[in-house]
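Okay, structure first, notes after.
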Amino acid sequence: MVQGKIKTENIVAALIFFFLFICPLFIDSYSVLNISYFLSMAFLSLSLTLIWGYCGIFSFGQAVFFGIGGYFYAVLTLNLTGTSAITPLGLLLGVILGGLAAWILGYFMFYGGVNDVFVGLITLCLTLVLSTFMGQTAGSAWNIGQVSLGGFNGINGIPALELGPISLSGNNFYYFVLIILFVIYCLLKLFTHSKVGAAIVAIRENRERTKMFGYNVPKIQSLVFAAGGALASLSGILYATWGNYITPSAFALSSATIPVVLVAAGGRKNFTASIIFTVLYYWFAQGLSASGSQYALVILGLILILVTLFVPDGIIVFLFHLSDRLFFHRESKMKEVQEEHLHEKNIG
Amino acid sequence: MKKTSVENSTNKKAILELKGVGKYFGGLRAVDNINLSVKKGDLHCLIGPNGAGKSTIFKMIMGVYKPTSGSILFENNAITNKRTWDRVKLGLSIKMQIPGVYGDLTAYENMKIAAQNFYKRREMNNKIMELFDLLEITNLKSKIVNNLSHGQQQWLEIGMALACKPKMLLLDEPAAGLGPEETNYTSDLIRKLNDKGLTILFIDHDMDFVKNIAKSATVLHLGNKFAEGTVDEIASNQKVIDIYLGK
């Protein structure tokens with residue numbers, strides 16, 4: 001419901017996932033590892049698409065939950081190295097913790113009547129506070145169990161995920177991330193067609209009016225914000241296991257801003273667009289890393305300005321609509337005429 | 001305040017009661033110590049010039065504003081401290097002054113958002129189509145709401161309010177911005193709903209429109225209850241005529 005069916009989107013999504021499932025067969029393992037990283041970051045964009053694009057909650061705070069997930073996983077698994085099934089348990093608990101942290105923050109904000117730009121300000125402040133705090137955690141005073149938080153150096157040597165005897169590295173990690181992404185993507189698409197999915201769009205469109213249709217708006221907002229926190233936390237954990245490290249830069253201003261820019265530029269109301277634009281950006285940034293990946297940020301900034309000026313719904317969504325008009329317009333127009341005709345017949 | 005026969009003319013039970021309700025915004029008394037009782041099955045109008053406090057009363061009834069003083073009872077239960085969504089679930093529903101519809105969605109999707117909290121999935125579609133038929137806007141169901149006329153949006157919103165299974169419907173200026181034909185259609189619709197047993201409390205400025213449909217009315221002026229009675233009594237009340245003409 002609500003967004004309308006974009007035929008191109010469904011076709012493109014199917015082709016992309018098909019390509020991603022078969023690409024390890026013909027690309028080198030270094031590229032596979034890189035794509036795992038791009039896909040891990042896609043969860044962060046999905047979290048923002050859900051809460052901002054669908055529910056209208058503009059947050060700079062997804063980096064907070066990303067970092068919380070990453071740090072929690074690192075501290076837990078390094079403290080309990082050798083314990084069986086500790087890494088999947090760390091993943092699960094980290095996702096729950098991210099969701100819980102977001103729910104607590106959301107509860108106080110939304111039941112307290114904080115909305116719109118003020119949510120953005122509060123979450124931005126929280127990101128900066130955590131960034132500063134984690135940066136000063138060098139030294140033994142900031143050990144949790146056997147693990148030092150490590151100040152600006154962060155935590156290194158974070159164990160990779162293990163599912164029983166299978167260590168999730170290389171292609172295994174890639175497929176693990178891809179399958180989770182595919183499942184979550186499908187669930188999110190289904191969710192948007194559900195009763196709550198319709199309610200969150202209603203909240204985005206007119207919050208006060210939606211209360212008058214019997215919806216407990218702060219409760220729904222808190223739960224959606226929690227789901228967003230859980231997704232961001234999942235992203236942080238996958239990132240930490242991919243690179244085996246996490247640093248306070250996870251909470252830095254750029255980390256807080258990039259997901260917002262990616263989602264806005266790709267199309268904030270569309271999960272497929274967010275994934276595509278995120279993967280393209282990280283692929284592009286990686287490609288430029290030899291000459292300094294800061295260029296990627298400059299180019300991303302320029303793209304955002306142009307998109308905001310000319311295609312405010314996002315560049316990927318614009319391309320979807322353009323393709324729909326070019327290839328599927330005639331069919332949908334015919335259907336509309338048929339429906340009108342049927343209606344007139346019924347009235348007659 | 002002029003006392004009339006209406007207060008004692010019926011033995012019906014009150015569905016909504018405001019007891020000494022006041023709302024102050026800083027030093028401004030938007031509503032001051034209002035007592036109002038709406039009986040089951042009534043079609044009652046709140047009238048008064050701009051700034052009389054009509055919309056503020058509606059917002060207090062729906063829980064958007066908390067009264068500074070007094071209490072609100074719905075079916076004899078105090079709802080003064082209940083949240084908006086709980087009041088809707090008890091049977092209060094509203095059409096806002098400015099159409100509160102979801103412009104980017106279709107008329108059907110709008111109705112679905114309103115109805116899905118009150119009907120099971122199996123019966124919801126039938127109910128929505130029934131409401132479209134009642135409002136005679138079935139042909140608009142697939143249209144994007146932003147493309148509908150102001151009148152069509154007003155009727156759609158009345159439909160959405162009806163989709164919440166209301167026991168009492170609040171209509172804030174249902175004829176505002178409508179042409180003569182649309183106003184007639186809206187009058188007929190409101191009467192039709194009231195004939196089916198729905199209690200309706202509405203706000204309007206247009207005395208002709210009020211005379212056409214309301215059974216009784218309360219006049220507000222500067223946040224106070226100024227007069228109450230049948231519409232004919234109100235229309236012939238010289239003091240009411242004076243405040244409308246600004247004397």
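Just so you know, glycine gets a Cβ as well, placed from its N, Cα and C.
What TrEMBL records for A:12-39 (among others) is transmembrane segment.
The feature transmembrane segment is assigned by TrEMBL to A:51-76 (among others).
Positions annotated as transmembrane segment by TrEMBL: A:88-111 (among others).
Taken from TrEMBL, the feature transmembrane segment covers A:117-134 (among others).
Per TrEMBL, transmembrane segment is recorded for A:173-192 (among others).
Annotation source TrEMBL lists transmembrane segment at A:213-239 (among others).
The annotation transmembrane segment is assigned in TrEMBL to A:245-264 (among others).
Within the same chain, residues 9, 12-13, 16, 34-35, 37-39, 41-42, 44-46, 48-50, 53, 181, 185, 188-189, 258-259, 262-263, 265, 295-297, 299-300, 314-317, 320 sit at least 6 positions outside the transmembrane segment (A:271-289) and bring their C-beta atoms closer than 8 Å to a C-beta of that stretch. Taken from TrEMBL, the feature transmembrane segment applies to A:271-289 (among others).
Long-range contacts of the transmembrane segment (A:295-320) within the same chain: residues 6, 8-9, 12, 254, 258, 261-262, 264-270, 272-273, 276-277, 281, 284-285, 288, each at least 6 residues beyond the stretch ends and with a Cβ under 8 Å from a Cβ of the stretch. Per TrEMBL, transmembrane segment is recorded for A:295-320 (among others).
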Can the transmembrane segment (A:117-134) be said to touch the transmembrane segment (A:213-239) if we require at least 3 CB pairs below 8 Å and skip pairs under 6 apart in sequence? no
Report the listed stretch (A:12-39, A:88-111, A:213-239, A:245-264) having the maximum count of Cβ pairs within less than 8 Å of the transmembrane segment (A:173-192). A:12-39
